[in-house]
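Novice: To start, I am sharing the structure in question, which I have written as structure tokens.
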Amino acid sequence: MNKALFLCLVVLCAAVVFAAEDLQKAKHAPFKRGAQVCFCPGKVDRGDLWILRGDCPGGYGYTSNCYTWPNICCYPQSFSGR
């Protein structure tokens, strides 16, 4: 077998091993929600900013919103811990 081909095979195997190890660490890492906070005029609460959406998504308990074109800020904030 060619030395260069053998070296490429070793490097590929090492990359697969390190990638698999990194995935195992990611499974045990705590999940953090990455939603951005937004504020609408006249509201004191924080809302959830949805980027490039025309309306608030269903299933999150949103009851009101305001537009900050091209994004939308949805209320009430349905996730705790912020």
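Every residue gets a Cβ built from N, Cα and C, even glycine.
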Novice: For CYS56, what is the disulfide-bonded cysteine listed in Swiss-Prot, choosing from CYS40, CYS66, CYS73, CYS74?
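Specialist: Among CYS40, CYS66, CYS73, CYS74, the cysteine that Swiss-Prot links to CYS56 by a disulfide bond is CYS74.
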Novice: Going by Swiss-Prot, which one of CYS38, CYS66 is joined to CYS40 by a disulfide bond?
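Specialist: Checking Swiss-Prot: disulfide partner of CYS40 resolves to CYS66.
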Novice: Which one is it, CYS13, CYS38, that Swiss-Prot ties to CYS73 with a disulfide?
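Specialist: Out of the candidates CYS13, CYS38, the one Swiss-Prot links to CYS73 is CYS38.
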Novice: Can you tell me the CA-to-CA distance separating CYS38 (disulfide bond) and CYS66 (disulfide bond), as a whole number of Å?
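Specialist: Answer for this pair: 10 Å between alpha carbons.
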Novice: Between the Cα atoms of CYS74 (disulfide bond) and CYS66 (disulfide bond), find the distance and write it as a whole number of Å.
Specialist: 7
Novice: Looking only at CYS40, CYS73, the disulfide-bonded residues on record, which one has the least crowded Cβ, with the fewest other Cβ atoms within 10 Å?
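Specialist: Least crowded of the disulfide-bonded residues CYS40, CYS73, by Cβ count within 10 Å, is CYS40.
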Novice: Work out the three-state DSSP category of CYS56 (disulfide bond).
Specialist: coil
